[in-house]
Amino acid sequence: MALLLWQTLKEAIHAYTGLSPVVFFTALALAFAIYQVVSGWFASPFDDVRRHQRARSSAAEEAPPVPQPVQVGEITEDELKQYDGSDPQKPLLMAIKHQIYDVTQSRMFYGPGGPYALFAGKDASRALAKMSFEEKDLTWDISGLGPFELEALQDWEYKFKSKYATVGTVKVTSSEAASVSEPAGTDDRDAHVTEQEPTVVDTNHETPAESDVKNE
C-alpha cells in the first residue's frame, strides 16, 4: 500500500512539475528556509511586544510573592535604616512625618537601583515636600517650608496612606514632634491688643491756676 502511494506521488510530481521527487523535495526545503529568513527581516513589531509580554509573565511567575506587612512598632531612625532594601529578607520601609509605611510591593521604585531608592529606610519628609534628591533634605525636619511645599507633602502622605500599610512610627523627642507639627496660627485680634496702663491722677499736684489763687 505504501509503495503504491509513493509511486502515485512520484508520478504526480513528475506530471505537474516535470521534476524528480528528489529535486522537488530539495527545492521545497530550500524555499521554506528562504521564507523563514526573509520573514525574519520583515517581522511585525507586535512579535517583539508578544515576546516581551511572555518574558514579563514568566518573570512575574518566578518572582516570589510579596509578604504581608509586619508591624514594627515604634523604632528609632537608626533601626529604620535597616529596612532600606539592602536585605531582601526584610520588608522595605520608609516614613513620612514619622509614620512608617511598608513599600515592599513597590520595590522596583524604592528598592536598590530604583529611582526613589534614596528615600528607603528614612523619614524623607523634607525631600518629598521639596521634590529634592539632595542628601541634606533626607530628613524629617520640615521647619521653614512654604505652603506649597507643605501641600505637596500632604499629597504624598495621602498617597501613601491609601496605597501602603502603616506598620509603625519613628521614635521622636518632644522637640522633634513640635517641629514636625504645623505651627499654630496667631489670632490677629490678640496680636494687636496691647495692655493699657491705668491712668493715675495725682491729687497733690496743683495746676498753675490754683497756685495763683492761693498766692493772692
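Keep in mind that glycine also has a Cβ here, set from the backbone N, Cα and C atoms.
Just so you know, TrEMBL annotations never went through curation; they're auto-generated.
Under the heading compositional bias 'Basic and acidic residues', TrEMBL lists 186-195 (among others).
The annotation compositional bias 'Basic and acidic residues' is assigned in TrEMBL to 203-216 (among others).
Mean per-residue pLDDT, taken over the domain 'Cytochrome b5 heme-binding' (75-171), amounts to 92. According to TrEMBL, the feature domain 'Cytochrome b5 heme-binding' maps to 75-171.
TrEMBL lists 173-216 with the feature region 'Disordered'.
Taken from TrEMBL, the feature transmembrane segment applies to 22-44.
As a summary of secondary structure, the domain 'Cytochrome b5 heme-binding' (75-171) carries 43 helix, 16 strand, 38 coil according to DSSP.
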